[in-house]
Amino acid sequence: MTDHRPRRPSRPRGTRPPRHRGGPARPPVEDPARSAALETLRAVRDRDAYANLALPALLKQRRISGRDAALATELTYGACRAQGLLDAVIGECSARPLDGIDPELLDALRLGAYQLLRTRIPAHAAVASTVDIVRAESGSRQAGFANAVLRRISERDEQEWIDRLAPARDDDPVGHLALRYAHPRWIAQSFADALGSVGAELEAALAADDARPAVHLTARPGEISAEELAAITGGDEAPYSPYGVHLDSGAGDPGDLEPVREGFASVQDEGSQLVAVALSRVEVQGPDLRWLDLCAGPGGKANLLGSLVTMDGGTLDAVEQAPHRADLVRRSTDGLSVEVHVADGRDPGLEPGYDRVLVDAPCTGLGALRRRPEARWRRRPDDVAELAKLQRELLLSAVRLTREGGVVAYVVCSPHLSETEGVVSDVVRRAGVEQLDARPYFPGVPDLGDGPAVQLWPHRHGTDAMFCALLRV
Ligand SMILES: C[S@@+](CC[C@H](N)C(=O)[O-])C[C@H]1O[C@@H](n2cnc3c(N)ncnc32)[C@H](O)[C@@H]1O
């Protein structure tokens, strides 16, 4: 089995970090990257902030750029992703139980532990920089505690800690891989259930989900081609989406790119592009000018579908329940034949008879964890049942709004079977609609399984784990 994540080589013996003496609190340290990372970790824990929104705003506000911005990004997103693994190791190395450690201090320990276990930063620098911050903020006693914990962590590398703390792979393969790739066990189990694997393929899926993804762009159809967008941005044309471009993951803020600023391109995972394009590709007899997006915010797929239907002279109605997200849809579909409605998709008050309907339902987002660093530790297993109920209701509403012979795409960014196959099989049975084989509408995409629905995966396709079922009404 190939390990997909670049690993830091084991630290040579005899290069442990030096011992720190106690001493009085010092003035604040000048370490803009680590300070920004720590502040973001605290915002994520304390205010439920999203790291990928909070950090760029902080970097901009503090005018942190270049190498410092890259380091802050690596440390913040990495420490968020790896939190479960870091906590297991910190817990093992601390004389106090994890819940007895002051939360602000625990954030600093996570930052230090991440540097020790998953970066090439020399151990002495990882320990000293963290201890310095703790000393400046909280004084020598806490600094002494942080120093002791981090020094113990530095005695082993990541692999050695996993060997020591994870359940044996033969006895509990899901538990073992969950710790190794820093996923909550219930999420690793849901991946195993969807893949039908607790072996090599599950490991590949968790490893890909634990790596930093490339940024994907959509070239707005009718405005710019993927080839032109790739040439302007220095990216590569996407392998499967006719509108997609991939950028290197370290390529800076894509929002600063001129085509994105001017509305010719938008940031969107290639899997999201593929499911929207699949809906547009299904044959429909008769008129084909009324399209509907029932859960449209923030408007990524509405932008793509709206562009395609506008070129054909038709219109897209875009429904979104949250007013502020409806505003984002308006912004992303500016200039297109798209009408935005703030309404509940379960009963939006629109005239039925649509030719194509997209239900991109609210979901756990377990398929996009690599893009939302903290999400895996925030989601709870109890979320699934409530969301699955809403997903069924939205899909039944979509069927009611579609004309006979029209087509509905049910999409979630999750591979959890309760949100995917469970919802679709129930609605197909209750509404008496036909489920189409979706695979032909993903031409050129390999490894699509046995159908009829399509489940994309980061480790197979380089996309988020989007699910798409196509229903003929
Ligand atoms: C997965 S997101 C859709 C993403 C969007 N299609 C895109 O590509 O940018 C689901 C959206 O459904 C909205 N939503 C949640 N409940 C809804 C409901 N009952 N009716 C309509 N929209 C709802 C959420 O606010 C969220 O914006």
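Just so you know, glycine gets a Cβ as well, placed from its N, Cα and C.
Here the structure is a predicted model, which means the values were calculated and not measured.
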- request: For the S-adenosyl-L-methionine site, TrEMBL lists Cys295, Ala296, Gly297, Pro298, Gly299, Gly300, Lys301, Glu320, Asp344; sort out which one of Asp334, Asp355, Asp360 goes with them.
  value: Asp360
Task: State the count of C-beta atoms found within 10 angstroms of the C-beta of Lys301 (S-adenosyl-L-methionine binding site), not counting that atom itself.
output: 27
Task: Using DSSP reduced to three states, classify Gly299 (S-adenosyl-L-methionine binding site) as helix, strand or coil.
output: coil
Task: Between Lys301 (S-adenosyl-L-methionine binding site) and Cys413 (active site, nucleophile), find the distance joining the two CA atoms and give it rounded to the nearest Å.
output: 13
Query: What's the longest C-alpha separation between any two of Cys295, Ala296, Gly297, Pro298, Gly299, Gly300, Lys301, Glu320, Asp344, Asp360, the listed S-adenosyl-L-methionine-binding residues, in angstrom?
result: 19
Message: Between Gly297 (S-adenosyl-L-methionine binding site) and Cys413 (active site, nucleophile), how many Å separate their Cα atoms?
response: 14
